[in-house]
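J.: The feature region 'Disordered' is assigned by Swiss-Prot to 1-74, 458-487, 549-571, 692-713, 721-740, 781-807. Sequence annotations record features per position, and here Swiss-Prot assigns compositional bias 'Acidic residues' to 28-54. As annotated by Swiss-Prot, domain 'SWIRM' applies to 176-274. Taken from Swiss-Prot, the feature zinc finger covers 340-394. The Zn(2+) binding site annotation in Swiss-Prot covers Cys345, Cys348, Cys368, Cys371, and the record cites sequence analysis as its basis. The domain 'SANT' annotation in Swiss-Prot covers 398-449. Sequence annotations record features per position, and here Swiss-Prot assigns compositional bias 'Polar residues' to 458-467, 552-569. Per Swiss-Prot, coiled coil is recorded for 598-656, and the stated evidence type is sequence analysis. Per Swiss-Prot, compositional bias 'Low complexity' is recorded for 692-703, 726-739. Per Swiss-Prot, the feature compositional bias 'Gly residues' maps to 798-807.
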Amino acid sequence: MPASEDRRGKWKRKKRGGLSAARKPKQEEEDMEEEDEENNNNNNEEMDDVENADELQQNGGATPDPGLGIGEVVEDSGSRISDFPAVVKRVVIRPHASVMAVVAAERAGLIGETRGQGSLPALENISFGQLQALSTVPADSLDLERSDGSSSAYVISPPPIMDGEGVVKRFGDLVHVLPMHSDWFAPNTVDRLERQVVPQFFSGKSPNHTPESYMEFRNAIVSKYVENPEKTLTISDCQGLVDGVDIEDFARVFRFLDHWGIINYCATAQSHPGPLRDVSDVREDTNGEVNVPSAALTSIDSLIKFDKPNCRHKGGEVYSSLPSLDGDSPDLDIRIREHLCDSHCNHCSRPLPTVYFQSQKKGDILLCCDCFHHGRFVVGHSCLDFVRVDPMKFYGDQDGDNWTDQETLLLLEAVELYNENWVQIADHVGSKSKAQCILHFLRLPVEDGLLDNVEVSGVTNTENPTNGYDHKGTDSNGDLPGYSEQGSDTEIKLPFVKSPNPVMALVAFLASAVGPRVAASCAHESLSVLSEDDRMKSEGMQGKEASLLDGENQQQDGAHKTSSQNGAEAQTPLPQDKVMAAFRAGLSAAATKAKLFADHEEREIQRLSANIVNHQLKRMELKLKQFAEIETLLMKECEQVEKTRQRFSAERARMLSARFGSPGGISPQTNNLQGMSLSTGGNNINSLMHQQHQQQQASATSQPSIIPGFSNNPQVQAQMHFMARQQQQQQQQQQQQQQAFSFGPRLPLNAIQTNAGSTASPNVMFGNNQLNNPAAAGAASINQPSFSHPMVRSSTGSGSGSGLGLN
């Protein structure tokens, strides 16, 4: 007892420490209160539980977690291990308390303990509505190997079982009846469910496991069953059917086909074992009592094995009326529909009406008109994936081109009754649509074409003794009899001679090939030739009738004879020679008219050509006139440019003379030298400047003797400034007068520069050497113009030999 109490105390301390780290403060208070109650009231029961837990631990068991209210804790991040179904692998940090309780109960059951199993929770798979398998996994579990070496286990949900006659399909030349929920099966394709059963055939990792090999042995199994659908097919019957296939893969595919009813659906003796169970639902306790667990665990077989659908028709009833199942029987599908009450809608499972809609993606998916118009489509389909199918024309007329006599009579009768109401006409016909009725009515021949084949009896051919021509009808080819022999003798070959009506054929051809006026001329001339005899006969008959007006009896007899003769003449056809004469007259008239039109068109062409030439000449004249105007404007521009050039040259010479005379008092001789140097361009300016400098020094020495104190006189300086300004004004007036006159012959540049150099030196009036040097002053007076201003006069003390030249 002391050892058990010590063990119990350790367990209590361990329990308190674990709960304090896992629960919240509120939960800790509740647990402490529960522990106090257990310590006071249930000490003996706790000791028994601890002893039982110790025994389980010694036998390899695990202590159950007493905290049944603790939820499952997993990591937030995980790795995706399957794309379909979407599976994410997460690490479980703490499993759910119910899971631990179930595991503890299973382990307790292994050692013979059954206490506490009645209160175990029932775990249900919410995804598929089945009991979750926890401990038992069969050897052939559906594992899909991943590229990274991992595997993902997933479960295929059972299909909803649909009762009915089944779906009839063609398996080659044989008939294959499938359940309603197995309508996805097709011999030439592989469905998603099949890829989940044997994924190794579609991974591409092994050369022996390919989709083609899977379809080969799958179709071999189905073909083996279809050969004798009344017999239940087993795996032993299919041994040696296909070589090179693993027995496990073969067995798995066989069980899959059997589960879905693709095989053994119409077999008479079906043996479908239920889900395998290792332990019976009824169990016996150690005390000898028998009990039934409330939530017995099931294996994973319950998720892939389900109740087998039952076919209402036996195999003998379906296939007994088909002695030879070959593709040559045209009414094979019709007889199958008669036995199986036609197909059913894949949405509402009702029998299909006469008109239904078929899927283009999968030809076995059918919809009735109500489901299609209300948008109740199969998953993965839309209205664009379905086409309208009419079984009335499925095996016969596809486009409605084949009409029977009865349908044609109904169409004509409906047209008479309902006029242009084609909806009622189509309803009256019954087997054709509105568009087909309209198309067939337009294709019907008119009455004239129908009357061509009618044979009229009692018509005799008469001969005309006057011209010896046999008046017979046309032959089958439309040729005129009697003309072939005559035409062979004639040398003239005329067109359309073999047509039934050569004249009208010629007129029609001319109307389509040439102008309408030419064709009208041809027709008019032909008719005039044909009606010439008629006019002559009518004039003769009018004369005879006038002579018979003498007696009443004779008049009545003549009128009677005239009417009889007119009737006889109206019935007699035209002679062949008259037809050919009209033919030739029409051709000649057409040729003449065409020649006149051709001449007129030629004259019109000549007139238009002359107009074109005249317009081209006028166009050239206008261009030449524009060129003359452009040349005149160009000459004016050239004159303006020449004036501008001369003005720039004068300005340049004046600027150069002003620059060289600016140091003070350059004589006119210096200006003349500068003008000569600029005009010739060959003299040296430096030598001239040196000579001028020497002359200035020589004049400076003789200046006081000539006009003493002149340079210091302010009155003389003022007069010299005024004279310089007046000289500039006169030069500007001369330049304006030269620009006003028209240009004459072009002057050389040296003459322009010489005149400018001799007259454009305003600083010559300020040179003291000219005032003191008579020779220099005389030379300057020769080149400079005279000034006639009244205020300008000679200074006092200056003689006539001063040389200023001022008046």
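Including glycine, each Cβ sits where the backbone N, Cα and C put it.
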J.: Starting from the Zn(2+) site formed by Cys345, Cys348, Cys368, Cys371, give every other residue of that chain whose CB sits within 8 Å of the mean position of their CB atoms, in sequence order.
T.: His344, Asn346, His347, Ser349, Arg350, Leu352, Leu367, Cys369, Asp370, Phe372, Arg376
J.: When DSSP states are grouped into helix, strand and coil, how many residues of the zinc finger (340-394) land in each?
T.: 12 helix, 12 strand, 31 coil
J.: So which one is it: of the binding-site residues Cys345, Cys348, Cys368, Cys371, which has the fewest other Cβ atoms within 10 Å?
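T.: Each of the binding-site residues Cys345, Cys348, Cys368, Cys371 was scored by Cβ atoms within 10 Å; lowest is Cys348.
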J.: Quick one: DSSP breakdown of the domain 'SANT' (398-449) into helix, strand and coil?
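T.: Residue counts for the domain 'SANT' (398-449) by secondary structure: 35 helix, 0 strand, 17 coil.
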J.: Which numbers of helix, strand and coil residues does DSSP report for the domain 'SWIRM' (176-274)?
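T.: Helix (H, G, I), strand (E, B), coil: 45 helix, 3 strand, 51 coil.
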J.: Give, as a single whole number between 0 and 100, the mean pLDDT over the domain 'SANT' (398-449).
T.: 80
